[in-house]
Amino acid sequence: MDTASHITLAALGQQLLVGLSRTTILFIVSSGLSLILGVLRIPNVSHGSLYMIGAFVTYSVATFIGGQTGFWVALAVAPVAVGLLALAVERGIFCHLYEREHLMLLLFTFSLMLVLGDLVKMTWGSDYRSLSAPPMMQGSFSLGGMPFPRYNLFLLIMGPLVALGLWALTNKTKIGKIARAAAVDREMVAAMGINVSWVFAFVFCLGCLMAGLGGALVAPTQNITQGMDHAIIMEAFLIVIIGGLGNMWGALLGAAIFGITDSIGILVWPQFAIVFPYVAVTIVLVFRPKGLLKSTW
Amino acid sequence: MQNQKLISSRSLILMAVLLAALALFPSVASRYYIYLAALMLVTGLLASSLNMVLGFGGMYQFNHAVFYGVGAYAAALLTVRGGVSPWWGYLVGPLAAALLSLIMGIICVRLSKLYFGMLQISLGSLVWAVVFRWYSFTGGDDGLHGVPVPRLISSGEGAYYFVLIVSVLCLALMYLIVNSPFGRVFMSIRDNPERAEAIGVNVRLHQLIGLVIAGFFGGVAGTLFVTVEGTVFPDMLFWTLSLEIIIMCLLGGWFTFLGPMLGGAMVVALRAVVGTYTDYWTMVLGIILMLLIFFLPEGVLGFFLARLGRGRTAREEN
């Protein structure tokens, strides 16, 4: 690997920051997945589809309104739209299935992924779309001689904000505390007179909303395509697993491992960059099969 | 179970009729249908191989496609890059898949259910990622096309008969395995691992052997795919295909022996039929699967066997 000798410190730093902004997206998406896994115990395969829908809705809303406001409106509208879609699915079909085996639930969400994927194709067609960052965040600034996109800085700020918000929601609010209690012992929570069914609906909706938010935030940074769902869901699952099922900080840690190995991998050995995160995940799982941090299961 | 006959005479006659029909099929059908039937057999065999661990072992093998793909790639690469006779592929493909299954099994087998499935997926994704990117060796995302097939079986009909013979042999072998003392122990592990452990069964070892068997037959299916299509591509290892294989098992009936065969054939037929009318075939599959989960959780064959009240389903309800 003689390519490694060309790596300068500045390039390394730049790539590290790129990796961290990627971490933000991965964290937001996988924290939603982790929430659903932790409380509802459902490996939601359709999570990636909701992320993709979030990106497409963002594209449509932002280009329809246009300009600066277009993006900000889209950023607010897309996650909510995705959350409402998830709520409808949960109340309409999904809530009747909770007593089934994990495998059935997984296959149900997989079939949902197949349906949503084709619905996206019907609505937006098979061509890829691209959305430019809002005007105030276009361009880049210099960071030790290397250019760094402004939008990525925005992502770096969003990551901790979302993490903090999610932490406050699950630890400081009543419904968050109920949801955490339901994750540990749902019968007990139900016995206390709490409508667990609606708690589940809330958690599912919130988790999917995070997928939509991830999709909205990623929209200006890459092509919005069919197949976004396949790519992200596998990564999100692995992140949740290496972090520890249902543990939000674990999702953050896992996302960082994934994002950073990926971006450093691009620097070291571009052709096989895609392999690096999987190697990292495998190493973690061989030594810590249940994840790095404590699972809430 | 000891003094029960392995196959009842009734189902033996049924099998003979079905086999005769399959053997005569090419003389009445057109090229396309022969090809489709061969593909159904391959896919059915693939689903059956997964069901060895899924339905009979209760193990969540979430990335079975990897063994299918590795079997196919090993056979194809041996001929394309190694330049040896394609016949060797039928030996090397399944063995490579079995070896990979052994390695992954050793790493995963100490985990249960979902954790097991997730670790399998992550290891499988690693293999997929390597195949997907290693352009100079595997052809990367383009895959390999025009893989040589032995001349004897290179025609559509020849491939069909070869696939038929190998699939029937493999199914017979799997049937014997399921009904062997090993198979019984395997099912007891599925139904109650703690109890199996308590009566002195080495649970991990049995699970590992089951995984290797499933990987081996998955690899056989992969080599047969190369025979039918003459091509390999990384999507064969992708996790979405793995979940599709699980659907096949579920669709046919994952607690029956021939259910996955039926499920595999149904998915291939569905894709062929629905695909001619609409581009949105996966949506149709998704909707069918949703209906299935609601109304026929035991699968089509499982449903009919339960209805008829005869034939053993793999899971004895108690």
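Glycine is treated like the rest: Cβ placed from N, Cα and C.
Nobody curates TrEMBL annotations by hand; they come from automatic prediction.
The transmembrane segment annotation in TrEMBL covers B:12-28, B:34-53, B:65-81, B:87-107, B:114-135, B:159-178, B:208-226, B:280-306.
If one looks beyond the transmembrane segment (B:87-107) by at least 6 residues along the same chain, the residues whose Cβ comes under 8 Å of a Cβ in the stretch are 66-68, 70-72, 74-76, 78-79, 119-120, 123-124, 127, 150, 166, 207-208, 211-220, 222-223, 226. A Cβ distance under 8 Å defines the sequence-distant neighbours of the transmembrane segment (B:159-178), meaning residues of its chain 6+ beyond its ends; these are 6, 19, 22-23, 25-26, 34-35, 37-38, 41-42, 44-45, 48-49, 52, 56, 90, 149, 153, 186-187, 213, 217, 220, 224, 227-228, 257-258, 261, 314.
Sequence-remote contacts of a segment are chain residues at least 6 beyond its ends whose Cβ falls under 8 Å from one of its Cβ atoms, and for the transmembrane segment (B:65-81) they are 46, 49, 88-90, 92-97, 100-101, 104, 123-124, 127-128, 131, 137-138, 144, 147-148, 214-216, 218-223, 225-226, 232, 234, 236-239, 241-242, 244-245. Nonlocal intrachain contacts for the transmembrane segment (B:208-226), taken as residues 6+ away from its ends with a CB within less than 8 angstroms of a stretch CB, comprise 41-43, 45-46, 48-50, 52-53, 56-57, 59, 61, 64, 67-76, 89-90, 93-98, 100-102, 104-106, 109, 147, 149, 162-163, 166-167, 170, 174, 177, 182, 186, 232, 236. Counting same-chain residues at least six beyond the ends of the transmembrane segment (B:12-28), those with a Cβ under 8 angstroms from any Cβ of the stretch are 34, 37, 157, 160-161, 164, 168.
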